[in-house]
Amino acid sequence: MAQIYNFSAGPAVLPASVIRQVQSELVSYKNSGMSIMEISHRSSLYTDMEAEAEKNLRKLMSIPDEYDVLFLQGGGTLQFAMVPFNLARKNKRAGFIDTGHWAQRAIEEARLVPEIKADIVASASSTNYTTLPDVPNLEKEYDYVHLTLNNTIEGTMYRELPNALNGQILVGDMSSNIMAQRYNVGDFGLIYAGAQKNIGPAGMTVVIVKHELLDDRPELPAMLSYVKQAAKHSALNTPPVFAIYVAGLVFKWLLDQGGVDEMQKRNEKKAEFLYNYLDSSRLFSAPVKKDARSITNIPFVTGNEELDQRFIVAAQENGLVNLKGHRSVGGMRASLYNAFPFEGVQKLVEFMEKFEQSVGGNR
Ligand SMILES: *Cc1c(COP(=O)(O)O)cnc(C)c1O
């Protein structure tokens, strides 16, 4: 099989060694004679596996003891509603930083929750989301302020948290850069991330939440209640066993590689290699302003849609797949998550140089 480099934004590339391990233990998990997909979620085979996955995630992200770690279903998208259902209690008002597509989905869903007000406190719309917005000092009292740490589609990322948030409870969507960039969990009230970008297969969502924020809400359906999910160790109903298992293998792989700081270093190196080329190219360019650039999702364009299309097709024929940008912004996008190897970025830049020469380097 020819070597393929998968630049997909999600579901995305997983470590090759993890895929091979899944294959080798698929038929009989830990000599049980059953695959991981067939075991009971009430058996110790499952509970031991889940406990180890949680322990390793806590280690990787240095998660303090006063935080609950949940493995839920419904993706990042269910968290857009579950967060306001559980946390927007006292003032029934949450603040949102509008950094683009996923932040807007979060705002829309929060507004569907009865009685909740969702205020946009800052927006990058004036630059078409190629920058991160300045956050004003927040005067109103919010139950929480929601921030999308990495904007998967627009290609912007927070390296540091905005200062003005001081004192507000921060909720962070880390779906596309969890463990790609180091953040301090203690700065957040709640963090969530769908698994299928930087953790494992779709079907599992990581939620990390400060225990003191969870008070009982008996009126909430059980599946929407963090308290009830936490009380049952994320096994209130049948959990996504296979997805948790693969995520657990990825957590182990991350620890073996040197953890989040090592991943961040490698991701910065991969991203810098591509940005350096984009900034020097006469054909390709990166629309995002330098200080806002993501290290995991890198959009780029030629400035000519027909040429973009030709590039995507030619790249695909050369084993560089899934480079098409999101339909809402067009152009190309290279997603360089933890499991994406540096060689793949070198191959991409080599190919882009050739393509640039072939079209004469003119826009
Ligand atoms: C992909 C994505 C989501 C949505 O995730 P699903 O798991 O598909 O619901 C939410 N936020 C961000 C930042 C994303 O990249």
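If you go along the chain as it appears here, the first residue is 1 and each next one adds 1.
Cβ atoms here come from the backbone N, Cα and C positions, even for glycine.
As recorded in TrEMBL, the features of this protein are as follows:
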BINDING   Arg42  L-glutamate binding site
BINDING   Gly76, Thr77, Trp102, Thr152, Asp173, Gln196, Asn237, Thr238  pyridoxal 5'-phosphate binding site
DOMAIN    4-348  domain 'Aminotransferase class V'
MOD_RES   Lys197  N6-(pyridoxal phosphate)lysine
Cβ under 6 Å from ligand 1: qualifying binding-site residues of Arg42, Gly76, Thr77, Asn237: Gly76, Thr77
Neighbour tally for Asp173 (pyridoxal 5'-phosphate binding site), based on other Cβ positions within 10 Å of its Cβ: 28
Three-class DSSP secondary structure - Gln196 (pyridoxal 5'-phosphate binding site): coil
Fewest-neighbour residue among recorded positions, criterion Cβ within 10 Å, set Arg42, Lys197: Arg42
Sparsest Cβ surroundings (other CB atoms within 10 Å) among the binding-site residues Thr77, Thr152, Gln196, Asn237: Asn237
Long-range Cβ environment of Gly76 (pyridoxal 5'-phosphate binding site), under 8 Å and at least 6 residues apart: Trp102, Asp173, Ser175, Tyr192, Ala193, Gly194, Thr205
Candidate with sparsest Cβ neighbourhood (10 Å radius) among Trp102, Thr238, the listed binding-site residues: Thr238
